[in-house]
Amino acid sequence: MTTEPLFFKPVFKERIWGGTALADFGYTIPSQRTGECWAFAAHQNGQSVVQNGMYKGFTLSELWEHHRHLFGQLEGDRFPLLTKILDADQDLSVQVHPNDEYANIHENGELGKTECWYIIDCQKDAEIIYGHNATTKEELTTMIERGEWDELLRRVKVKPGDFFYVPSGTVHAIGKGILALETQQNSDTTYRLYDYDRKDAEGKLRELHLKKSIEVIEVPSIPERHTVHHEQIEDLLTTTLIECAYFSVGKWNLSGSASLKQQKPFLLISVIEGEGRMISGEYVYPFKKGDHMLLPYGLGEFKLEGYAECIVSHL
């Protein structure tokens, strides 16, 4: 049992639509087209690494495989979540993700992908694509084949602080000028439906996955309803943004100090603004914007001090 938070070093991904905004978190980014920060990642395409304590140098996958007590002895062959920060300097492709059953059959045992977005920042008039207007699979197929994207896709204006739940089967895309934190199932399976006819670094059109997309898109497209809950704990305002079968995600606004107890199998904390410190036992752990902490099972009582905004997630 450990009574210390585990700080993780993220993995960065260059993307055709990425930019430089992730540098504002204090990160050293690999290029001017850095699109993704994989903050908590235990996937074959990216592994975040512990930066402190007795588990320093371990990947998240290694902790899950060999130190399951840190996660309350949860079952499963892989860590269940993946947390990212996305910098959309340009529009992301219009895409959809499969559910677990479809992905297991068609993607060699991969998980499906239900996700959610918290809008950290965005340009004025920024928008996302969130759902579609087709009423039947036949209409959906026809509109895709004809390239009737303006008629098919639903566009939604966004502002900082907005939150969107994106279940598998939902047509979606993050638009230009948006910085978002994404919590998702631990999957990297994406079916690209439309990519604005963009070309990659070699001058080739990026691959589309029309057949699979049409098979997994939910018709009709009905936005998921979710209820937001608030709780004040001393100087900490906690907001529950979503609770679903795959994860629970919330926001913490710290404006002073608060005493808490870690009672989940694990708790993931991403600091998106401000700074402070966590006190656990006799030890003090400073944190700042851009830090990502995993609070393991059994950590017990701890105290937060400072002024910060965090996105937190757990099962």
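Cβ coordinates come from backbone N, Cα and C, glycine included.
The feature Zn(2+) binding site is assigned by Swiss-Prot to His97, Glu115, His172, with similarity to another entry given as support. Non-local neighbourhood of His97 (Zn(2+) binding site): Gly112, Lys113, Thr114, Glu115, Ser168, Gly169, Thr170, Ser187, Thr189, Thr190, Tyr191, Val216, each in the same chain, at least six residues away, with C-beta under 8 Å from its C-beta.
Around Arg192 (active site), the same-chain residues at least 6 positions away in sequence with a Cβ under 8 Å from its Cβ are Ser93, Val94, Gln95, Arg206, Glu207, Leu208, His209, Ser213. Under the heading active site, Swiss-Prot lists Arg192.
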*asked:* Can you give me the same-chain residues 6 or more apart in sequence from His172 (Zn(2+) binding site) with a CB-CB distance under 8 Å?
replied: Val94, Gln95, Val96, Ile128, Ile129, Tyr130, Gly131, Val166
*State the count of C-beta atoms found within 10 angstroms of the C-beta of Glu115 (Zn(2+) binding site), not counting that atom itself.*
22
